[in-house]
Amino acid sequence: MRSPFPVPMVPLTIKTWQKKLPNWLTIYRIFIAVPTIIFLGLNHLLGSVASFTVLGNVTIHLQVSLFIGGVLFITAVISDYLDGYWARKWRVVSNFGKLWDPLADKVIINGVLIALVAYGYFHFSFLIVIVLRDLVLDGLRFYAQEKQLIIPANQWGKWKTTWQMIAILMSCFVFSFSLKETNSANTKIFYWAIVHLPYYLATAFSLVSFGIYAQQIYKTIKVKVKL
C-alpha cells in the first residue's frame, strides 16, 4: 500500500541495509501471518480470559490470545506502510518489492480473514466476495500483462485494503474487550455496528474497484483493437 507521507527528492548515499530493509519488511509481513492466525485459533480453542476492574466497579474481560493476534496484525500494518515509504524515500524500489509487496498484503489479510470466518467472528459472505474479487482481478491483471496493456491502479482498491485492515483490527480488539454488562440491547447493537460496518465498507470498495479495473481493461482492449 502506498504510504501517505511525502517522499523527499534529494541526492542520497544508500547503504546496504537500506536497500534490503523494505524487502525484509515485506518478508516479515508474510511470516507474521502464521503466528497471528495461531493466536486467533488459540483464543477460539482455549478462550484464555483475563479479568480486571477499573473505575472501582467496572469489570473488563480481556481475551488474551485474540488481543495478541491483533497486536501482531498491527505490526504487519505498520510494516506495510514503512516498506513502501522507505523504498521510495531511499529510491530502492526493487522488482522483488513490486512482486511480493501486494502478495504479502494478500497473505496476511486474506489469511487472517479466513481465520476470523472459521472462528465465527464475522459472516463468510464478506470473505467470499473479497476473495473471489481478488482471484478474478489477479486473472485480469495477468491477462493485461500478457497483452502488454497498461492499466493503472485506482484509489478504490487502496481504500479497500485500508478498510479490510480496519475491519480486522476492529474484530480483534472489540472482541478482545468486553464489559461485564454485555447483554443489554444497546451494547449488542454497538458491538455489531462497530465490527460489521468496516466489513461492509471493505466489500463495497472491493466491488467498486473491481468494476473500475474491469472497465479500464475493456476500454483499453477496445482502443487497441481499433488501432
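The backbone N, Cα and C atoms fix where each Cβ goes, and this holds for glycine too.
As recorded in Swiss-Prot:
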TRANSMEM  30-50  transmembrane segment
TRANSMEM  58-78  transmembrane segment
TRANSMEM  112-132  transmembrane segment
TRANSMEM  159-179  transmembrane segment
TRANSMEM  192-212  transmembrane segment
Same-chain residue ranges lying at least 6 outside the transmembrane segment (192-212) that approach it to Cβ under 8 Å: 121-122, 126, 129-130, 133, 136-137, 154, 156-157, 159-160, 163-164, 166-167, 170-171, 174-175
Beyond the flanks of the transmembrane segment (159-179) by 6 or more, those residues with Cβ under 8 Å of it: 1, 40, 58-63, 66-67, 69-70, 73-74, 77, 105, 109, 112-113, 116, 121-122, 130, 187, 191, 194-195, 198-199, 201-202, 205-206, 209
